[in-house]
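Q: Take this structure first; my questions come after.
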């Protein structure tokens with residue numbers, strides 16, 4: 001029995017005493033304790049060593065006092081499990097070797113047994129659950145098919161997604177074949193994480209804004225919907241969050257996937273998003289991550305604006321406070337603590353019946 005289930009209740013749009021808070025990338029370089037662990041292992045080794053992954057997952061719960069933990073991993077463990085070599089290059093980001101550029105390349109990618117190839121994530125979840133001891137929920141996650149497709153085809157990050165766009169425009173059938181393969185592994189991976197104990201899952205579509213609205217509805221949205229439906233059909237009580245970064249014009253379409261909550265980027269007004277969606281789903285977000293460089297007083301002021309814009313809760317509303325993207329690595333941890341304390345102290349007034 002969870003001692004603090006506010007996060008799950010907010011996602012289910014059930015009554016809460018206050019607004020829960022967690023932040024994306026909360027297990028990360030802004031924490032000196034994380035940097036100490038990281039000094040012992042490179043990033044990929046950290047992901048693949050369950051004891052270390054569990055340790056850094058729990059750190060922000062112990063140190064900052066957030067309302068949910070998110071398992072320490074990376075969205076690119078999926079293409080690696082499918083047969084692509086993965087390296088995280090310091091200060092340059094991820095690199096996937098032998099990028100997918102042809103039909104033969106697509107064929108050589110395997111749909112693995114995730115319990116085998118990604119068993120180290122399952123082991124990290126089991127260890128983390130023991131260390132959390134039911135203090136807060138644990139979130140599992142995966143990248144969305146479109147975002148993983150871009151990494152697989154480009155071989156890393158990209159400014160214009162030239163090769164990914166070339167594939168969807170010139171060879172749409174091949175693109176859909178690759179997206180379908182990736183989507184199957186995403187679904188299997190989310191289900192594995194649920195089976196070993198996570199309490200909710202989030203799908204990250206980091207490169208959602210790279211596509212036009214029409215292309216997003218063709219090459220991205222159907223695959224998100226596929227994963228959401230698969231999870232909800234097997235585990236109807238497990239909340240699913242979809243975070244499609246900067247996809248501000250298609251919130252209704254994203255809600256139509258059947259997810260329980262939508263993560264919002266910081267460049268959309270949360271009041272407008274709530275009005276547009278009419279409390280059909282819970283909302284998560286959406287403070288600009290750079291606000292955490294400001295003084296604690298200013299952080300509280302900006303966070304207060306978001307609470308006020310979301311407004312008074314009703315019997316069918318849900319809000320999880322978060323950043324509009326991941327916390328930046330050089331933020332002062334005390335500034336995040338100031339934000340968390342403010343939300344805990346001040347959000348209750350918006351939950352009074």
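Using the three backbone atoms N, Cα and C, a Cβ is placed for every residue, glycine included.
Annotations per Swiss-Prot:
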BINDING   25, 26, 27, 28, 29, 74, 151, 206, 325  substrate binding site
SITE      74  site 'Transition state stabilizer'
Q: Expressed to the nearest Å, what is the distance separating residue 29 (substrate binding site) and residue 74 (site 'Transition state stabilizer') at their Cα atoms?
A: 14
Q: Using the alpha carbons only, what distance in Å do you get between residue 25 (substrate binding site) and residue 74 (site 'Transition state stabilizer') once rounded?
A: 10
Q: State the Cα to Cα distance, in Å, between residue 325 (substrate binding site) and residue 74 (site 'Transition state stabilizer'), rounded to an integer.
A: 15
Q: Return only the integer: C-alpha distance in Å from residue 27 (substrate binding site) to residue 74 (site 'Transition state stabilizer').
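A: Distance (Cα to Cα, whole Å): 12 Å.
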Q: Check residue 151 (substrate binding site) against DSSP and tell me helix, strand or coil, would you?
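A: Once the DSSP labels are grouped into three classes, residue 151 (substrate binding site) ends up as helix.
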Q: Quick one: largest C-alpha distance among 25, 26, 27, 28, 29, 74, 151, 206, 325, binding substrate per the record, in angstrom?
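A: Value for the max Cα separation, rounded to a whole number: 23 Å.
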